[in-house]
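As recorded in TrEMBL, the features of this protein are as follows:
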type    : residues                      : note
DOMAIN  : 31-305                        : domain 'Pyruvate carboxyltransferase'
BINDING : Asp40, His244, His246, Asn280 : Mg(2+) binding site
REGION  : 437-566                       : region 'Regulatory domain'
Amino acid sequence: MLDDPTRKYQPFRPIRLRDRRWPDHTITRPPVWMSTDLRDGNQALFEPMDVERKRALYDCLVDVGFREIEVGFPSASQADYDFVRHLIDSDAIPEGVWIEVLTQARPDLIKRTFEAVAGAPRVIVHVYNATSPVFREVVFRQSAEGVQTMAVEAARQIRGLAAERPETAWRFQYSPETFSTTEPEFALSVVDAVTAVWDASADAPVIINLPATVEMASPNVYADQIEWMHRHLARREGIVLSVHPHNDRGTGVAAAELALMAGADRVEGCLFGNGERTGNVDLVTLALNLYTQGVHPGLDFSRINDVLRTVEHCTEIPVHPRHPYVGDLVFTAFSGSHQDAIRKGFAVQPEDGLWSVPYLTIDPRDLGRSYESVIRVNSQSGKGGMAYLMEQAYGVTLPRRLQVEFSRVVQAHMDAGGGEVAAEALWEIFEREYLRLESPIHYIGHSLFDAGGRQGLRLRIRRDGQVITLNGSGNGPIDALLDALGSPVRVRHYEEHSLSHGSDAGAVCFMELAAGGIDGDVYGVGMDANIVTASVRAVLSGVNRMASQAPAVLGNAASVARNASP
Ligand SMILES: CC(=O)SCCNC(=O)CCNC(=O)[C@H](O)C(C)(C)COP(=O)(O)OP(=O)(O)OC[C@H]1O[C@@H](n2cnc3c(N)ncnc32)[C@H](O)[C@@H]1OP(=O)(O)O
Ligand SMILES: CC(C)C(=O)C(=O)O
C-alpha cells in the first residue's frame, strides 16, 4: 500500500444538499421489490445458469413473493433468449408477476428484446446507457447531448414497438447506468427527456432506476443524490423511483435503506447479495431488516433455508456462515455471557409477546430455523450454555451449583484439546462424570423393607469384584442408605425431576453432598425409571466422586472382606 494514498485515490465529491430531509424519515412500508438474480446475479457467475437452474431460481422468487423479476438480457445471448421464451411458452408467468428484460440503448438489441418477449402477458422493458463523464468520453466517445440522444431515441423506439403489440401489458424502465458518478444535473436532464418521451404520468407511471453501478461513496452521499433527484424530477408523480445499489464498499444495504428514506419507491437487488463483484444489494437482509422493525416486507422468508439451498444450487456460490439472517452461525452464541443472556431471555419470552431475547434481533422460528443451534459450547462458553444444551437436548435441568461444577469438568475437557462440544459430546462427558462412574462402588440393586416402623434398605453392591450386601434403616430411603453405607457424607440439597425427553429414564436426581476432608460440596447424579432408585444412584455417584479425595466416605464399603456376601 502507498504511504500517501492521495497520490492515487481522491475522495468522492458529494452532492451539495444542505437542506436534506431524509435523516428524519423512517421506513414505514416496504418498497416495490425487483429481483435481478437472473440477470445481474447471473451475469456475475463463473458459469451462467442453465435453463434448469434459472427455472428453479425463478420459481423460488415467485414463491417468495416477488412480483417483478428481471429474467435476463435476451438480446445478449441465446441462453437468455431461450429462457425468456421458455417462461412465456410454458405459461410460467403467474397472474400479477411481471417479467423484466434488460437491453442496451441500441436499436438492434431493442428489436431483438421485443422479439424475445412476444406473447408475454406482462413485461417491463428495461433500457440503459451509462451517463457518467468517463463513459461519455472513454466508452461512447460522445458528448453529453449525444448520450442523452442515445437514451431518448431508445425510449422512442421502445414506445413504438410496444404500441404495435397491444396483447402485452407493458411497463418501461430507464436506468442512467453509473448514475451515482454522473453529474446530478445531467442525470436529471436525461431522465426528464426520457420520461417526456414516455409521457410518464400518475395514470401511466414509468420506472426510473438510479443505480450505484459501482458503490463509490458512503451511503449518506447516495441518499443525498436520491433525494435531490426525488425533489427535482419533472414528472415525479409519473415515476416509480427505483434504486439499484451495489456493494463495493460493503454498504449496499445501508445505501438502499437511506435511499428509501430519501424518497425511493423500489429496490433492485439479489437474494443474499449475489451479483457483480461484491454483489448487488441483498434483498433478504433488506426485507428482514424491515420485518424486525415491525414492517412486513411483503416477501415470505418463513422457510429461509429452502431459499438458501436453491440459491446455492443455482449460483454454485456458498453463502457465508455469518451472512445476516441465513448464515449457519448467525443465531449461534458461543460466548458464555451471551449464552447466559439468551437462555434467560428465552425463559421469560412470552409465546405471543414482543420479541425481547437478548442478542437475537429476530425469532429464528419466524424464518423456519430452530433454536437448536442457538447455543453452542466451546472454550469461550460458560455454565449457562452447557445447561441450555443439556436442557434442550436431554430434558435435564441442572441445578445452578451443579452447572458451576459441571462447567469446570467440561472446561477441563476443552483445555485438554477439545474444540466445540456438541450436545451429544456434552452428554457423554456428563454420563462419564456422574452416571457411569461405578467405581469404587458398583451398584447392583436395593430393596426396601419395614424396619420396625422405620424405613429399612438393603443395598447390594460390588466392590473390587466382590458382591456386598449392606443393611440400614432411617427416616426415609436416603437416610437408610447412608446408614447402610455407614458413610459420613451429609446431604446438603436434593432435587429430583422427571425427564421430558432425551432419555428412557423417567427421573433424574441431583444430590449435593458434603463430607469431612472434601473442600466444598460435591454433586452426585442418578437416573432411573424409579425415583427412589434414581436417588440411591445419585448418592452412590457422589460418594464415588469423593472417594479418591476422602476414602472415609465409602464407610462400610471401604472394607470388602468384612461385608462380602458368602
Ligand atoms: C452494469 C450492468 O450490469 S449493465 C449489463 C451488463 N450486461 C451485459 O453486458 C450482458 C452481456 N453482454 C453482452 O452479451 C454484450 O456485451 C452485448 C450483446 C450486450 C453487446 O455486445 P457487443 O455489441 O459485442 O459489444 P461489447 O460487448 O464489446 O460491448 C461494448 C459496446 O457496447 C456499447 N454499450 C455499452 N453500453 C451501452 C448502452 N447502454 N447502450 C448502447 N451501447 C452501449 C459500447 O459503447 C460498446 O460499443 P462499441 O463497440 O461501438 O464501442
Ligand atoms: C443496468 C444497470 C441497472 C445495472 O445493472 C447497474 O448499473 O449496475
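The chain as shown is numbered from 1 upward.
Placed from the backbone N, Cα and C atoms, the Cβ positions cover glycine too.
TrEMBL annotations: computationally assigned, not manually curated.
Since this is a predicted model, take the numbers as computed values, not measurements.
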Would you mind ranking the binding-site residues His244, His246 by how many other Cβ atoms sit within 10 Å of each Cβ and giving me the lowest?
His246
Filter the binding-site residues Asp40, His244, Asn280 down to those with CB closer than 6 A to an atom of ligand 2; keep them in sequence order.
Asp40, His244
Across the region 'Regulatory domain' (437-566), what does the mean pLDDT come to, as a whole number?
90
What does DSSP assign Asp40 (Mg(2+) binding site), in three states?
helix
Enumerate the residues of the same chain, Asp40, His244, His246, Asn280 excluded, that satisfy the criterion Cβ within 8 A of the mean position of the Cβ atoms of the recorded Mg(2+) site; list them in sequence order.
Thr36, Pro211, Thr213, Pro245, Gly252, Glu268, Gly269, Cys270, Gly275, Glu276, Gly279, Val281
Give the number of CB atoms, excluding that of Asn280 (Mg(2+) binding site) itself, located within 10 Å of its CB.
30
Please work out the helix, strand and coil residue numbers for the region 'Regulatory domain' (437-566) from the DSSP assignment.
38 helix, 54 strand, 38 coil
Applying a 10 Å Cβ distance cut-off over all chains shown, what neighbour count does Asp40 (Mg(2+) binding site) have?
23
